[in-house]
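Here's the structure we're looking at; comments come further down.
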Amino acid sequence: MTNQYEAVGLKAKEYEGIVEMLGREPNELELNLYGVMWSEHCSYKHSRSMFKHFPTSGPSVLQGPGENAGIVDIGDGLAIAMKIESHNHPSAIEPYQGAATGVGGIIRDIFAMGARPIALLNSLRFGELEGDARVKYLLEGVVEGIAGYGNCMGIPTVGGEVYFNQSYRGNPLVNAMCVGLIEHDAIHRGTASGVGNSIMYVGAATGRDGIGGASFASATLTEESEEKRAAVQVGDPFMEKLLLEACLELLKTGSIIGIQDLGAAGLVSACCETATRGEGGMEIDVLKVPRRETGMVPVEVMISESQERMLLIVERGREEEVNEIVKKWGLHSVIIGRVTNDDKLRIFEGDKVVGEIPAESLDSSGAPRYEPDYAPPADLAELQKLDIESIPEPRDLSSTLRKLLASPNIASKEWIYRQYDHMVRTNTVIKPGSDAAVLRIRGTKKGIALTTDCNSRYCYLDPREGSKIAVVEAARNIVCSGGKPIAITDGLNFGSPETPEGYWQFRESVLGLSEACREMDTPVISGNVSFYNQTEKGSIHPTPIVGMVGLIEDISKTCTMAFKEAGDIIVLLGQTKAEIGGSEYLASIHGQEKGKIPHLNLSLEKRLQKEVLALIQGDLVQSAHDLSEGGLAVGVAECAIAGGIGARVEVNTELRNDIVLFSESQSRFLMTIKPEHLETVQERLKQSNIPHEQLGTVIGNELQMQINGNVVVKESIGELEEIWRGALQCLMESMKID
């Protein structure tokens, strides 16, 4: 028979610790509160000990990890708030609502800081798409959910990434990122301080949806998980839009001491987090909490994850001022408690105390911490072995390029992003489909560049080096758009931390991210960890997603990947080596997921990025694109397709033809230069000791690639574009979903 504490997800030692701390056994309500608050999703009990490795401060960081979102200065008294969070398990069970409420939750985190949300991004992972109706159902539902919520909120979804791999077959990943704009003096935090100040509840009424959501997100997905649809929240974007406007207006009045959204674990989480930050306590009465269902008991009220709700700490005597503004926006507000001078979270049901717990003991800072044993997977050494000579070289490399452009991981994601409103508010300068999205900051000359990145196949084969590559690839995308990378938010998605292999993958990824962020001067200002992304058949590939923001001082100096004019000179920065381990070429063409991933030289990477950005800002670059999945051939094709113009490329090398075309060697940029600027650019690259070579010319309507004088690729740009743009839509339409 299962013990009561096991039923709420606690271990025997954890329960014993609770009894010792309280000096008594917890009652049913208290036990349930510990169950959700000490779940992995809320407590970070297996990951928190690794956070110390992250660089989290810097001259531009105004708020690092620990609040609802991180904030970084962009000058002119303005700042950017940003955060990424996962909603993986809910999206696996109920893809539309799972994705929609993931978007809603991250938006609330941003406006809880006092920032107006200005952009959304996402990073998605699914199983192999071809011939799998279940994967198509999940993809359709997730995309519709993201679009349905973001579009209704009037916040543009400007970028993201989508990858397909069989490791995500039963456990898709849905990571949502939100970015907000805020003035320095408007920053607010989730702190409950000032004894006697009122605790006010604002927004939607509380129901039973989402009960146990935090615990559900902290468990392995099984066949029985379908029965837990009640743990998936239901969102209302129109309610959230009203809530956003009401909260931003309230924050301008000076009446709000602290503000916190009701997200994972609902009311109990918001109460204990704000009380702990304020180093005090709190009393609340569950009978005063608005409900939309009858018969709800205190524990249901406390842990419900109903959406579109906020907790406000209001200066005593100004409650009516709050009520009037909330009412103006068609919402409901009510006083449910007050700040106290002890350290307790005291829960009343009318006059009766039904729970009394030290607030800090519920908070993640008071939860147990674990540092499990770790070891690399037993088959890792074998996985990393790859004899390139055993890989047959395709006879028709044009056909190989066409196949790669049709791969769902490389093909255009237009089928997805055309469902998103990416132009609402008319600040989007560079739209989805380029290396990074770019938004103007109205009233200034500035802009920001935004991207999300992670090659999870690299992280599967080498989590530390793969995580470094995630950081620098994000930075490359920012730089290619004309921005200087300034900060990241990380979404760390892994399997179980309770296996040596799972924790080793997580630990290695954190160390890799930390090293790269330190070298690239991009502090980690916020983030999220999602463990137990696995099914009974196995774990997902390690997926540490990097969301990055870059600053563009002069919005007129942005850059895109598109080839611009016939006669422009194509220049490759960096060196191509025999590195196809973990590549899209090896996986898509040869069906192998193995090998040593490409080597990364962080020092060279930093020098390269600095020089590329300087060249773009100096108006010496026509187009810029980083080379990643698919290598040189795919990169040139993408630039040609984007510009609607062809290219002639010539390479002299001792490498095999397929390796020249499809190697994914790191620290490479493809740029086009006007002929009159070529000498200047080459001299600057030479002075900076940047390896580079002139590859060819932008010309005509064909892509022609020669290696050692032999034409190995000759394709019509129009035909390549048709393949690239149509591949994903063709796959989605090949098996209609009822």
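Including glycine, each Cβ sits where the backbone N, Cα and C put it.
The record from Swiss-Prot ties S86, H87, N88, H89, R108, Q233, E305, S306, Q307 to substrate, and of the options S514, S526, S530 it ties S530 to that site too.
Swiss-Prot names Y44, K83, G527 as ATP ligands; from the candidate set D132, D490, D568, the record adds D490 to that same site. Neighbours of the ATP site: apart from Y44, K83, D490, G527, residues of the same chain with C-beta atoms within 8 angstroms of the site's C-beta centroid are P65, I84, E85, T489, G491, L492, V524, S526, N528, V529. In the three-state DSSP scheme, E305 (substrate binding site) falls into the coil class. Cβ neighbours of K83 (ATP binding site) (same chain, under 8 Å, six or more residues apart in sequence): N68, A69, G70, I106, D109, I110, M177, C178, T489, S526, G527, N528. Other C-beta atoms found within 10 angstroms of the C-beta of D261 (Mg(2+) 2 binding site) number 26, with every protein chain shown included.
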